[in-house]
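These notes concern the structure reproduced below.
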Amino acid sequence: MAAAAAASHLNLDALREVLECPICMESFTEEQLRPKLLHCGHTICRQCLEKLLASSINGVRCPFCSKITRITSLTQLTDNLTVLKIIDTAGLSEAVGLLMCRGCGRRLPRQFCRSCGVVLCEPCREADHQPPGHCTLPVKEAAEERRRDFGEKLTRLRELTGELQRRKAALEGVSRDLQARYKAVLQEYGHEERRIQEELARSRKFFTGSLAEVEKSNSQVVEEQSYLLNIAEVQAVSRCDYFLAKIKQADVALLEETADEEEPELTASLPRELTLQDVELLKVGHVGPLQIGQAVKKPRTVNMEDSWAGEEGAASSASASVTFREMDMSPEEVAPSPRASPAKQRSSEAASGIQQCLFLKKMGAKGSTPGMFNLPVSLYVTSQSEVLVADRGNYRIQVFNRKGFLKEIRRSPSGIDSFVLSFLGADLPNLTPLSVAMNCHGLIGVTDSYDNSLKVYTMDGHCVACHRSQLSKPWGITALPSGQFVVTDVEGGKLWCFTVDRGAGVVKYSCLCSAVRPKFVTCDAEGTVYFTQGLGLNVENRQNEHHLEGGFSIGSVGPDGQLGRQISHFFSENEDFRCIAGMCVDARGDLIVADSSRKEILHFPKGGGYSVLIREGLTCPVGIALTPKGQLLVLDCWDHCVKIYSYHLRRYSTP
């Protein structure tokens, strides 16, 4: 009871920090996950150190303090004896109990009863386990016999493992062959599509020529009729002038003239009807929606017992699993491709390595004029499609709408501050933004590196709040659905939640959770906050620019302060984060991560797994955001621009 009461008062978070590796988030053990001490005093498991040491040259960089431990082998590092003592003490009583005699529990066993399957000491064997009812033998002999049995089973399992590996290799060969066939069919479809486009272009040219001939013929008839109408109009005007002159004559002269003049018929030569050519569109040769072709399935049998040799297997295969066929096939043969499993589609796309997001255009270039950037470091998109960019090199926040540049926000000191600084000949304070976000109330939150503060502006550029209390080095900022701002404190190791009023400034602030060097932060529609931990460095950051230092792993916390989903440094067997420099969450709750050292944009679905959205075209991505219309904006720091990509992923179901 006393032990249970003592266990109930343990701080589980503190115990987790001591007994878990902060990189792989696995508990320390005395073997593979043995705790090792770096020269800086931090503890990392042996398995993670092996991976870090294999990918480095000069030593191991601590993910917490960035100090380098210069070693060439793990034997140069000492064990953390304190952690090992805790592990050994926690399992001491259980381990000792497992070693004792099963009968009395007080003496070490020397005999093994094969009939009962228990280990016994000599007194217990002589008392209760005598032959012929029991078959006993020394523990060492029984153990050797059991080891021989296990050795035989191990040999059979290894043979089975080898067979499974061969089958797996054959399956990979089949997968490569299928991918090649898919691409070939897609290329064939593209050729057929281009041929039909050429046919459509020729058909349009012929159609427009025929339409032009009809238009020319009708124009001649209309022009001839217009000519006759103009002549009749001139004659009518001439007769009007003639009669006006007659009306103005004197009475005697008017009466003396002969009145037997006949009135000419002006409209006699005008045709009553016009013969024109009417035109209408007659659809020929096609009924229903236009389709280039359809994917047709054929049965195909692959012998998994035989070895599969990639291209040789593809060349020797007699029938294809998917073929391209023209639209003149029978309806029974049609099998639309969308019936394929979403999970299989996902795996095939990941294997093909095709970039999922297409580049559309880029916005901005290096400069100081409106719409230009100089080392931009943060990006945010509002619900009204307004884009906010933290332009660090130009000491400003730029706001863009759908039409282009809208306005900029700079730091404007008070009158007395400006007067005193100008009088003393000092430089005026600048706004050095590190991160920017806007809440649902239209307030813009900015973390300022100039004085390590949180500043809140209106859209008009008026500063309504400036908060420095409890903040050592504020960096990342995001806005919760409730309108609160969440700010990360890199040196303080905390995430702070601020409630800001437009008239009163910061009215409430509290600590959301603690973390190891949290830097970049984002949140989803439910209020779950994702933040980076540790310290990852961009390998090309030769000038030690702090804004190019990123995260080492990703953690999450709910609005109630409960820790949630974690993505460790080694997010895959052969993949790891190098320098996380930006994050955002899409409408489905999937996490999108920008790694400035990998120069890639990674996608982590809510149900698990990962994929690479953008592999090429980026020099140093430091910020990402999604627009309401489904476009992915990537802020490229060293290219001084915002690059716009398409983002319309297929909605896969979780397998």
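We number each residue from 1, going along the chain as drawn.
Each Cβ is built from the backbone N, Cα and C atoms, and glycine gets one as well.
Going by Swiss-Prot, these are the annotated features:
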- Cys101, Cys104, Cys124, His129: Zn(2+) binding site (BINDING)
- 139-198: coiled coil (COILED)
- Ser56: phosphoserine (MOD_RES)
- Ser330: phosphoserine (MOD_RES)
- Ser337: phosphoserine (MOD_RES)
- Ser341: phosphoserine (MOD_RES)
- 327-347: region 'Disordered' (REGION)
- 360-403: repeat 'NHL 1' (REPEAT)
- 417-460: repeat 'NHL 2' (REPEAT)
- 461-501: repeat 'NHL 3' (REPEAT)
- 564-607: repeat 'NHL 4' (REPEAT)
- 608-648: repeat 'NHL 5' (REPEAT)
- 21-66: zinc finger (ZN_FING)
- 96-139: zinc finger (ZN_FING)
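Cys124 (Zn(2+) binding site) falls within a helix when secondary structure is assigned with DSSP. Other Cβ atoms within 10 Å of the Cβ of Cys124 (Zn(2+) binding site) number 22 in total over all chains. DSSP assigns His129 (Zn(2+) binding site) to coil in the three-state reduction, outside any helix or strand.
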